[in-house]
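Let me begin by presenting the structure, written as structure tokens, before commenting on it.
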């Protein structure tokens with residue numbers, strides 16, 4: 001059994017080298033879901049294997065999809081809606097915000113009640129704006145507690161138009177996916193859309209699957225009664241995961257470059273824009289057709305709109321500690337409602353390491369700082385954990401003990417192996433468990 005407070009021990013080092021970035025979590029989850037909604041058998045190569053993808057696979061099986069894995073390939077025989085029979089009427093969403101939002105919306109197509117639950121940590125992920133829109137379309141929602149899980153949803157929804165909050169792009173993506181396969185016309189308008197690149201990623205998928213819809217600014221219309229044909233797809237590398245390895249190389253005292261492969265330059269992932277931002281701030285980054293080369297270099301801070309790559313807030317906060325001048329990260333209010341309150345969490349932990357990091361309502365103000373080793377905590381958030389690991393590698397002195405690191409499996413299960421391949425001194429902590437428990441409280 002994996003200990004609940006698994007830890008990393010990190011020492012200052014000078015990373016460099018080459019690594020092929022693991023599959024994108026966002027693409028993997030969408031590929032699994034769309035294949036499960038399709039007619040026929042779809043083939044998905046190089047899907048990420050993680051707790052979130054396991055949650056999506058389990059839920060899609062309950063919706064009637066038949067899924068087998070052959071090596072690194074998934075074979076998915078879809079079961080398009082309308083849904084009438086299930087292997088279970090209880091859907092456990094684990095700790096996956098995407099599974100919670102996307103599958104809740106799809107459950108609104110069912111005439112039978114479905115119980116939606118999840119890990120206790122999922123209760124911090126807002127769902128009320130989506131539930132409200134589904135109720136307006138005719139869904140019955142029962143057993144709501146504090147606007148979160150658990151709840152029971154029963155459809156089917158009817159044709160209509162709703163307005164959905166854009167504070168989290170997953171609400172709009174969930175409605176778009178549901179409208180794409182609904183039997184009746186559906187339309188919706190998005191109010192103040194945030195994280196726009198991630199909503200555009202969903203629309204890019206719908207275009208590739210030949211789903212028809214019209215769009216006027218942030219209002220969309222779906223004609224209904226459409227179907228998804230089976231497809232073959234190879235999942236590209238994850239730009240969000242690549243950001244952590246890129247930061248290892250960018251801040252390195254080595255004279256050697258870091259080269260990251262499996263990153264198609266034309267892929268629409270939102271966090272891809274982070275690399276262009278760093279380049280504009282002076283970082284020595286070369287973006288090629290299928291890889292990115294990062295050379296150790298200095299770069300400026302700045303006033304940075306985080307909305308296009310809000311998930312990169314933790315690692316960008318670390319990078320800004322090493323910038324030549326202060327930085328102000330703003331327009332990241334949604335970062336407070338991720339796996340942790342990322343604004344408060346990363347500020348709190350970096351201050352333990354000597355960082356001058358100050359939370360604002362929607363972001364951070366960061367002054368250049370010399371970091372030192374410390375005992376820090378992941379807040380059970382994979383992106384906080386990996387950002388702090390990078391900070392520990394580039395601390396000016398002392399080791400860093402990073403606690404509760406099992407959360408890294410959510411998006412980058414082999415993060416330590418990747419870091420070690422790049423000559424970063426990060427290892428699973430092997431000290432006495434009782435001592436580790438005391439330190440990691």
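Going from the start of the chain as shown, residues are counted 1 onward.
Using N, Cα and C of the backbone, Cβ positions are placed for all residues, glycine too.
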Site co-member for phosphoenolpyruvate according to Swiss-Prot, given 25, 97, 125, 342, 383, 410, out of 77, 167, 170:
170
Neighbour tally for residue 342 (phosphoenolpyruvate binding site), based on other Cβ positions within 10 Å of its Cβ:
25
Could you tally the C-beta atoms, other than its own, that fall within 10 angstroms of the C-beta of residue 410 (phosphoenolpyruvate binding site)?
22
Checking the contact step here: among the recorded positions 25, 26, 170, 311, 338, which have a Cα within 10 Å of the Cα of residue 97 (phosphoenolpyruvate binding site)?
170, 338
Give me the non-local Cβ neighbours of residue 338 (3-phosphoshikimate binding site): same chain, 6+ apart in sequence, Cβ-Cβ under 8 Å, ordered along the sequence.
97, 125, 311, 381, 383
